[in-house]
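Asker: Questions regarding the structure given below will be posed in turn.
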Amino acid sequence: MTKSVSANYRFFILILVVIIAGLSQGLLLPLLAIILEKAGVSSGANGLNAAALYIGTFLIMLVIEKPVQKLGYKRVITIGVVLVTVATVLFPLWQNLVFWFVLRMLVGIGDSALHYASQLWITSSSPAGKRGRHIAIYGMSYAIGFSIGPLGIKLLPYGMWVPFATVSIFFVLAFLLLLRLPHEYPVQEEKSPSAKRRYAGAVQLAWFALIPSFLYGYMESSINSNFPVYGLRVGISEGWVSLLLPAIGIGSLILQLPLGMWSDRIGRKPVLMLSGFLGALAFLAVPLFSAHVWGVFVAFIIAGGLVGSFYSLGLAYIADLVPKASLPAANIIASINFSVGSIVGPNLGGLGIQYVAPGSMFYFLGGMFLLFTICGFFFQRAKQQEESSLIHFTN
């Protein structure tokens, strides 16, 4: 293989792995929520259990940088795939909240490890002229898998183990594909800034660009963990829940690449601000439709299209703002923000459903994205400081 063909093949394999990871996440969140809801578990406890996945994500992000440097991208991705596969196989064996909490943490650790290594591999190895497009394809691929995942709920009538076994088979395929990839490692600079300076500098230069990862994690986990509970309580059938959940991903697929290309032309910030504002309005409209499924479907398509690319657009914006040596640190911060948002989402949404009103989860979502839009105006004031901060940071 030539270097160009090898790079294209590597990118293709990584995208397939990301699709499978998205499929797993898109299925496990609503599937486990439905099983626990049917077992009579409260929405608050349901949300807390769902947050275990993101606690695992948060914990691994605190230490992931050094393992990737020592083991390389491929080994870390492979370890992540193995962890998720083993945990997924064990879910049907014992329906116990504590047991599932531990398994969800393992899924979070494995899933986050493979995502961090794969997205860093893609962003660091992509030519500058193709980086934005590659990140958009990465986001679209995850959205494809995430959209397909909830359809696996329809396998539940054939036995509780069937959806879990199906996901495990896909991960075995991912493992086999990874075996064909070469071992590569992140580039390490001899005189790179200290870890403290890299993290502090990344936050200083790109705090606004780091918020979308939090919002995306909050939105994704809240919708997939809380919406099945919300839907069942307002009279939406289980079958319709499995069909409505992919609408977010479908909307993301429709607009992800156009929004990425648009951001290349007019800038990431205005696209993020406008998408956040309109997405907030779409989420706030969902409770108005109640059990009218087609109204919810349209609102989800619009919201997903507008904010479903927040994570990938945020990564692209971060790459625009921080020096290359700080990109791994900035990606870790983005992943931690995603984890924090994903932990807050199911818990806040679950408590809102239980103690406020079923539709409160959408009021929280809309409020978060409106607040983000307001923050964008303040980030503009710091724009003149970016050049001087960058010079000071890299010296």
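Yeah, the Cβs are placed from backbone N, Cα and C, and that goes for glycine too.
Quick paste of what TrEMBL says about this protein:
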type: DOMAIN; residues: 10-384; note: domain 'Major facilitator superfamily (MFS) profile'
type: TRANSMEM; residues: 12-35; note: transmembrane segment
type: TRANSMEM; residues: 47-64; note: transmembrane segment
type: TRANSMEM; residues: 76-94; note: transmembrane segment
type: TRANSMEM; residues: 100-123; note: transmembrane segment
type: TRANSMEM; residues: 135-153; note: transmembrane segment
type: TRANSMEM; residues: 159-179; note: transmembrane segment
type: TRANSMEM; residues: 199-219; note: transmembrane segment
type: TRANSMEM; residues: 239-259; note: transmembrane segment
type: TRANSMEM; residues: 271-290; note: transmembrane segment
type: TRANSMEM; residues: 296-318; note: transmembrane segment
type: TRANSMEM; residues: 330-349; note: transmembrane segment
type: TRANSMEM; residues: 361-379; note: transmembrane segment
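What's the neighbourhood like for these features in this structure?
Answerer: Under 8 Å from some Cβ of the transmembrane segment (47-64) lie the Cβ atoms of residues 28-29, 32-33, 36, 41, 76, 97, 100-102, 104-109, 111-113, 116-117, 217, 221, 225-226, 332, 335-336, 338-340, 342-343, 345-351, all in the same chain and six or more residues away from its ends.
Cβ atoms under 8 Å from those of the transmembrane segment (135-153) belong to residues 15-16, 18-28, 30-31, 34, 118-119, 122-123, 126, 163, 166-167, 220, 224, 238, 241-243, 245-246, 248-250, 252-253, 256-257, 260-261, 308-309, 311-313, 315-316, 319 of the same chain, restricted to positions at least 6 beyond its ends.
Proximity of distant same-chain residues to the transmembrane segment (239-259), defined by a Cβ-Cβ separation under 8 Å and at least 6 residues beyond the stretch ends, is recorded for 26, 30, 34, 133, 136-137, 139-140, 143-144, 146-151, 153-154, 219-220, 223-224, 227-228, 231-232, 271, 275, 293, 296-297, 300-306, 308-309, 312-313.
Residues 119, 123, 131-132, 135-136, 138-139, 143, 202, 206, 208-213, 215-217, 219, 236, 243-244, 247-256, 259-260, 263, 268-269, 271-272, 275-276, 278-279, 282-283, 285-286, 289, 327, 330-331, 334, 338, 369 of the same chain lie 6 or more positions beyond the ends of the transmembrane segment (296-318) yet place their CB under 8 Å from a CB of it.
Long-range contacts of the transmembrane segment (330-349) within its own chain (CB-CB distance under 8 A, at least 6 residues past either end) are made by residues 44, 46-48, 50-51, 53-55, 57-58, 61-62, 64-65, 108, 112, 115-116, 119-120, 123, 199, 202-203, 206, 210-211, 213-222, 225-226, 311, 314-315, 318, 322, 360-361, 364.
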Asker: Would you say the transmembrane segment (271-290) and the transmembrane segment (159-179) are touching, if the rule is that at least three C-beta pairs must lie under 8 angstroms and be 6 or more residues apart?
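Answerer: No, the transmembrane segment (159-179) does not contact the transmembrane segment (271-290).
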Asker: Test of understanding: applying the rule of at least three C-beta pairs under 8 Å (pairs 6 or more apart in sequence), is the transmembrane segment (12-35) touching the transmembrane segment (361-379)?
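Answerer: They do not touch: fewer than three Cβ pairs between the two stretches lie under 8 Å.
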